[in-house]
Amino acid sequence: MIGTEKVTALKAKHQSKSSTGLSWFERIGYGFGDMSYNIIFQFVNAYLLFYYTDVGGIQPAVIATLFLVVRVLDAIFDPIMGLILDKTNTRWGKARPYLLWVAFPFALFTFLCFTTPHFGETGNMVYAYVTYILLGMSFSMQTIPVNSLTGRMTNSVEERTVLTTTRMILVYIGILLSISCATPLATAIGGEDQAFGFQMTALIYAAVSIVLNLFSFFTVRERIQPKKRKKQGIKKTLSVLFKNKPLLMLISSFLAFAIGFNIKLSTMVYYFTYNVNHKEFVFMGTVLFFGAALISNLFIPFFSEKWGRKQVMIITAALSLISYAGLHFTPYSSIPLIFIWLFASGFFTTPLNTLAWGMVADCVDYAEWKTGIRADGVVISSMSFINKLGVALAGSFSAIYLGIAGYVANTDQTVASLNAIKNMNALIPGFFILLSIILIAFYPLTEKRYKHIISELEQRSAR
């Protein structure tokens with residue numbers, strides 16, 4: 001057995017590197033890395049469906065197939081990217097260099113996705129598939145390394161919560177500005193030419209993402225260096241996913257959240273355009289929803305330390321159900337009440353997202369403790385895969401539901417299509433949030449158990 005003094009010294013040394021070693025400058029720099037991704041990712045999620053139907057004139061059924069095929073292919077790339085990340089070794093670390101390498105391709109493919117060529121109907125569809133697939137691959141090459149950095153910068157539960165919360169506050173600021181400014185920017189730049197307006201808006205966002213990525217690259221550091229072990233085969237590395245009950249419960253819950261959240265996000269513009277009949281309120285609705293998310297994230301570290309992260313997820317998500325039910329029964333003419341429900345849903349729903357991305361780093365340590373294999377990339381990529389699968393299912397569901405309901409762009413909508421849009425902003429997201437609550441209730445990794453796992457890992461490393 002290792003001596004008590006040696007374990008104590010090892011813990012003290014480790015704490016000095018993880019808990020006290022992160023300055024606010026570095027936390028903010030890390031947040032900028034994820035902010036750069038989400039400015040683009042959420043812009044695409046919120047507006048690409050609308051861009052294709054109302055600007056490109058593509059039928060919803062065609063878009064449904066495009067979204068499902070491209071996003072599933074994109075999601076399949078995530079585990080591959082995870083394996084690539086696990087085999088990456090540079091003088092800058094494993095994950096950090098991707099902030100530099102991917103910054104420019106990521107920006108380029110964003111611009112190309114919102115560029116409509118004149119290749120004819122078939123040529124334009126091929127172009128849409130190719131550019132969207134390339135954008136999705138660059139998404140993976142950006143987000144998987146960024147998310148794995150949490151576990152490489154610190155293994156303190158408290159520090160990870162602060163780090164993830166700081167990151168998510170910046171993410172929600174980015175999303176807030178990205179989504180709320182998109183329509184005004186596109187209108188100001190393009191006027192009646194929406195295609196040009198959205199293209200230039202995408203170019204502006206792409207340029208901002210490059211700056212944020214580079215800032216993040218130059219500010220973050222990888223401190224946690226796991227003990228070197230012999231290389232594992234791909235099959236054995238992937239096996240850590242299926243032996244990891246905390247991860248399986250976390251990603252199942254997150255899938256339900258991602259479907260519900262993205263159904264609402266991608267149809268909010270329809271809700272204000274056709275149901276409320278005030279397209280100009282898209283800006284205010286977005287500000288309230290993501291502004292509320294930003295505010296709620298300020299309280300997450302305090303309540304997570306007091307009650308535990310799983311309990312905070314369950315309580316806040318349960319409270320969010322009231323807002324979805326309230327929105328469903330609110331008349332379209334009651335604008336102030338609609339805004340109140342939007343604020344409440346943003347405030348109480350988004351902690352699910354924030355805490356889940358922090359907890360996945362714990363699942364990496366759990367896998368190492370249980371199997372002896374540390375596979376940051378593979379574990380993190382499973383979360384990214386689920387996120388993209390949720391986006392794919394949400395986008396396809398929304399497009400199919402609009403088609404079935406008889407939606408026709410740029411006309412007065414039927415009662416059936418108005419009800420479909422309302423359902424996708426209220427009852428349907430509420431159902432998936434309820435499912436997410438039920439699944440996360442079975443997440444077995446408590447803060448106390450996690451600290452015990454870290455203690456055992458430290459003792460193993462010292463032997």
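The backbone N, Cα and C atoms fix where each Cβ goes, glycine too.
Values in this document were obtained by computation on a predicted structure and should not be read as measured data.
According to Swiss-Prot, the protein carries these features:
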| type | residues | note |
| --- | --- | --- |
| TRANSMEM | 28-48 | transmembrane segment |
| TRANSMEM | 50-70 | transmembrane segment |
| TRANSMEM | 99-119 | transmembrane segment |
| TRANSMEM | 126-146 | transmembrane segment |
| TRANSMEM | 169-189 | transmembrane segment |
| TRANSMEM | 200-220 | transmembrane segment |
| TRANSMEM | 246-266 | transmembrane segment |
| TRANSMEM | 283-303 | transmembrane segment |
| TRANSMEM | 312-332 | transmembrane segment |
| TRANSMEM | 335-355 | transmembrane segment |
| TRANSMEM | 389-409 | transmembrane segment |
| TRANSMEM | 426-446 | transmembrane segment |
Contact set, same chain, for the transmembrane segment (426-446): CB under 8 Å, 6 or more residues outside the stretch: 245-246, 249-250, 252-254, 256-257, 259-261, 263-264, 308, 310, 313-314, 317-318, 320-321, 324-325, 327-328, 345, 349, 352, 359, 362-363, 366
Any contact, the transmembrane segment (50-70) to the transmembrane segment (283-303), with at least 3 Cβ pairs under 8 A: no
Positions whose Cβ lies under 8 angstroms from the transmembrane segment (200-220), at least six residues beyond its ends: 25-26, 28-33, 35-37, 39-40, 43, 92, 96-97, 99-100, 102-104, 106-108, 110-111, 113-115, 142, 146, 149, 153, 178, 181-182, 185-186, 189-190
Stretch of maximal Cβ-Cβ contact with the transmembrane segment (283-303) [cut-off: under 8 Å; candidates 99-119, 126-146, 335-355]: 335-355
Intrachain residues whose Cβ lies under 8 Å of the transmembrane segment (28-48), provided they are six or more past its termini: 99, 103, 106, 110, 113-114, 135, 139, 142-143, 146-147, 149-150, 153, 163, 166-171, 173-175, 177-179, 182, 198, 201-202, 205-206, 208-213, 215-220, 262, 265-266, 268-269, 391, 395
Same-chain residues at least 6 beyond the ends of the transmembrane segment (99-119) whose Cβ lies under 8 Å from its Cβ atoms: 33, 36-37, 40, 44, 48, 51, 55-56, 92, 126-128, 131-132, 134-135, 138-139, 141-142, 145-146, 195, 198-199, 201-203, 205-207, 209-210, 213-214, 216-217, 220
